[in-house]
4 protein chains.
Amino acid sequence: MDYSKVLQEIKEEIVTFKNTGKVATYIPELGKVDPSKFGVYLQCTDGSGYGLGDALDRFSIQSISKVLSLSLALKLKGKEVWKRIGVEPSGDPFNSLVQLEYEKGIPRNPFINAGALVVADILISELKNPKEELLQFVRDIAEDQTIDYDENVAASEMMHKFRNASLTHLMKDFGNIHNNVDDVLDFYFHQCSIAMNCKQLTQAFTIFLNYGKYDLSKEAAVLDTMLAKRINALMLTCGFYDESGEFAFSVGLPGKSGVGGGIVALHPKYYSIAVWSPPLNKNGNSELGMKVLELLTSKTEISVF
Amino acid sequence: MDYSKVLQEIKEEIVTFKNTGKVATYIPELGKVDPSKFGVYLQCTDGSGYGLGDALDRFSIQSISKVLSLSLALKLKGKEVWKRIGVEPSGDPFNSLVQLEYEKGIPRNPFINAGALVVADILISELKNPKEELLQFVRDIAEDQTIDYDENVAASEMMHKFRNASLTHLMKDFGNIHNNVDDVLDFYFHQCSIAMNCKQLTQAFTIFLNYGKYDLSKEAAVLDTMLAKRINALMLTCGFYDESGEFAFSVGLPGKSGVGGGIVALHPKYYSIAVWSPPLNKNGNSELGMKVLELLTSKTEISVF
Amino acid sequence: MDYSKVLQEIKEEIVTFKNTGKVATYIPELGKVDPSKFGVYLQCTDGSGYGLGDALDRFSIQSISKVLSLSLALKLKGKEVWKRIGVEPSGDPFNSLVQLEYEKGIPRNPFINAGALVVADILISELKNPKEELLQFVRDIAEDQTIDYDENVAASEMMHKFRNASLTHLMKDFGNIHNNVDDVLDFYFHQCSIAMNCKQLTQAFTIFLNYGKYDLSKEAAVLDTMLAKRINALMLTCGFYDESGEFAFSVGLPGKSGVGGGIVALHPKYYSIAVWSPPLNKNGNSELGMKVLELLTSKTEISVF
Amino acid sequence: MDYSKVLQEIKEEIVTFKNTGKVATYIPELGKVDPSKFGVYLQCTDGSGYGLGDALDRFSIQSISKVLSLSLALKLKGKEVWKRIGVEPSGDPFNSLVQLEYEKGIPRNPFINAGALVVADILISELKNPKEELLQFVRDIAEDQTIDYDENVAASEMMHKFRNASLTHLMKDFGNIHNNVDDVLDFYFHQCSIAMNCKQLTQAFTIFLNYGKYDLSKEAAVLDTMLAKRINALMLTCGFYDESGEFAFSVGLPGKSGVGGGIVALHPKYYSIAVWSPPLNKNGNSELGMKVLELLTSKTEISVF
């Protein structure tokens, strides 16, 4: 497959794409981004890589970080994690309290906010220096030691913490948060603030390719075969909030989006890809990013299905 | 891959499996089945096929039929179908009215009862002799003209129609059912009553293999590439009610279960498989069937992820 | 208290009332009514009575009938009724299925549709000629043998039965409807179609005054003291769907509204009153009727509180 | 009416009452109370008063305080209060988040926790020394300057604040909490911790008798007629969480319960009454307290209905 050619075709087609999305503004720091930014990077298992546009600009990865924190938690605690978080699609918006109350503080899956907050709580309990060690894990799997938190974004999120504070207190009431609520929120907002570019994201997500065996040089980071497969399954069923079914249906790849406008997706056998375009559709996913990935699997006729 | 050997290993391992499931009894006809029945059939894309146990006994396919009726509706109406049914996991039990009311009569997906009832309504509108033509479609894709409705099961379902009648009337109130409610229920209960064995089911589901291009001899039945991929995506995200995430997570294949104890699953490149064991777990899926498929993808290390 | 003077004052004040309500049109028969119709009748326990406007025009009493059917059911079955219906405000719209599903087919109270359908089911089981005997009960307590069903309205409701059919089938699935669903709906739609004028309604509701001892000439109809008090309590907490709290708060009387634009209210010691004005507010209650009753208790400074 | 005799009869009847209730233990301080404690005090509008048992023992008034804080808020802000809180029964448990999320942070009524937290927020904004001034208001209307907060109870509640912190953060996210969350919780937990005996409670609640005109010596505290009536209406429709309908139905008086085992009720014309017995029924209301009040209105045949 000549991915370079496919990407060029996509680039030409989207020139006429009418973007009706809106940049996230719930925290001022995110609202400052240039809405016309657009980057793509595709990393193949054969070692070749292809970039387009602003593929080397860093942006706030936001919820994409949930896949990385989960991977670390699973490496540390294995199946224990699933006693405190489910693996089912939620059928509700990403920050809903309704289901969480009915289901007694056990989040449906690790990719809604409540689930990621429990993952954060687990990492705080397991790690000596939680923020440092998570960052090191991300740097290692992305093979780039310059990756860092964006303290302005993290601080801005903390000032608008109320919905997430509500979720965390509710779970604490049910006994499913073990640490101090503000510590959990501080860790979580830092994790979301990590700034990465499309290329770095595709590198990090190679740990989910070829059943986690893609690159043995990342020894410490490599995931057990079964673990990589399962995280892929979770991305496919739960990676796009209440648009997860639509993404599986239209694109047909495991993936994860963030409100910073990034989407990472992957085909376990062939490639990982990251797209970045800040304006979001009404479900909180990059509108142009979704389109690019739909074009990719339509043109290549390659998806996991 | 030597599937024959893998199936033998599985057969030996499950000898000690403690089945805590219960046969469905909400209609008397289903309750009469022998709970110790157990059959498996695996059909490879290379033409080879492997059977185990009661692979040639016919049973009530129940909700597995939802995949077949959807395929026919999509062949007839294409994308129009998605104006009346969504493609998102529901996060609720298969027969819940709650979401349907909040979402104004548009079912979340075609594999919950409400969605399948809308599919039935579409087929009644589109076909001259709906029951005859659906049956013919199933006979054609399964390449077996002896397949038939079980009138006793259909009649028994009609006598206990109340929950489904409630769903259908609610959608009719929202304008999403166009035909007479009892006609829709009669068609739907017939569709669920179709009796097939494991081998016939694997034959029928080959239309979803190799992007629907598996067997050109089934010309009339063959699905468009994109269509086959999308139905596979739907099976993966929505095929097992509120255990869909768990199935994707543990097994990693598109599939569909029925309360008759059958499960069909498939790997688009390699095979379709049907398992039958009547006792159901608390989510209404065959308990042993789930286990067999989990063993299959663990042993072969082949899943879509 | 000079109620005649109070009513005159109210009549003058509402001349400038801007009615933003809309006449119910979900069945064509109801939509035909003249929206400018306006009638009031107030019947005091001292025997005096006062009418205004179209107080002698008959209209469809609709949900006001739920109080009358409940009274008859309680006379016939006593406390048994409360095994199948609750006495709590619902906090949801009058025809919602959500709560009914969570609470396993037991309606919250007898004044939401689901509850009134169970009352209808009880009356069908208890009475030899249900429709005739309910009508006779209403004629007796209203002391007017000319009161009758409006067969056009009843037939029109039956043609648009879908939401109520959904509710009834759901309860039948839970075992809380004992008779044939269409028989229950036919009885219920007839009950709702009863045509009465404001004066007749105030007469009928005198059975709830002075603890049901108001007029011993209505011997057969008189309610036990405790029963009358309890029905009044139910009207106060549940009589106006999700505007019940507002009515208790602003008016402070037990009462019941209907989508025909009628409202009946009463002060157990002093009077029963009926108001009729077809345009409904967004909660399905007569907008002008609510205003008139609020003015009445404000001016007289008499309410149950 | 000889209330002394009625209370004696009730005292004799309840000797054989089998109490299946349980003392609240969600905070250790409440769990320490002697479950056999039992007190009643009835204060008539003619000035006479009757006590029984432990009527002079102080206990934690808990949610009964919600009526008092609301009264103060209404005196200070009038109708403005209703822009931020509704007046409808909730149909859900007292601390549910579900409805609050659907209804965008506007609590259904001031007697569920969310509503009382908004009232607390209003008082913090309006008062210079919120805790001191609320306490002074309570002392004034109860005519007893020894009434005080129980700092142990308040501190214990703060240590188990999680559910209420979740509610408050959620409302803050919706913009319906203006002050710091922990300040609101601190005020709220203090208000709940107020220790009063049955006699003091009946004195305080005389402000709701005779339309708030009972005792002009309490000049500062007296409520506007309309205000007193409306608070009575709210107590009747919303005073007992999801047992409010049952209380209106069985007792027929406005009232308010607290998890300390206290219940205050009143007949606007005749009396206020307080009952105290710590074991709670499954809805969080004093089991014996409910029984005593039911006997009272059955025996006297006096209720607002």
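Any Cβ shown, glycine's included, is placed from N, Cα and C.
With a 10 A radius on its CB, A:TYR188 (substrate binding site) counts 27 other CB atoms from all the protein chains. Residues or ranges marked as substrate binding site by TrEMBL: A:SER63, A:ASN113, A:GLU157, A:ASN164, A:TYR188, A:TYR241, A:VAL259.
In the shown protein chains, 25 other C-beta atoms lie within 10 A of the C-beta of A:SER63 (substrate binding site). The number of other Cβ atoms within 10 Å of the Cβ belonging to A:TYR241 (substrate binding site), over all protein chains shown, comes to 24.
Binding residues for substrate (A:SER63, A:ASN113, A:GLU157, A:ASN164, A:TYR188, A:TYR241, A:VAL259) extend across at most 20 Å, taking the greatest CA-CA distance. If you draw a 10 Å sphere around the CB of A:ASN113 (substrate binding site), it holds 22 other CB atoms from the protein chains shown. According to DSSP, A:VAL259 (substrate binding site) sits in a coil region rather than a helix or strand.
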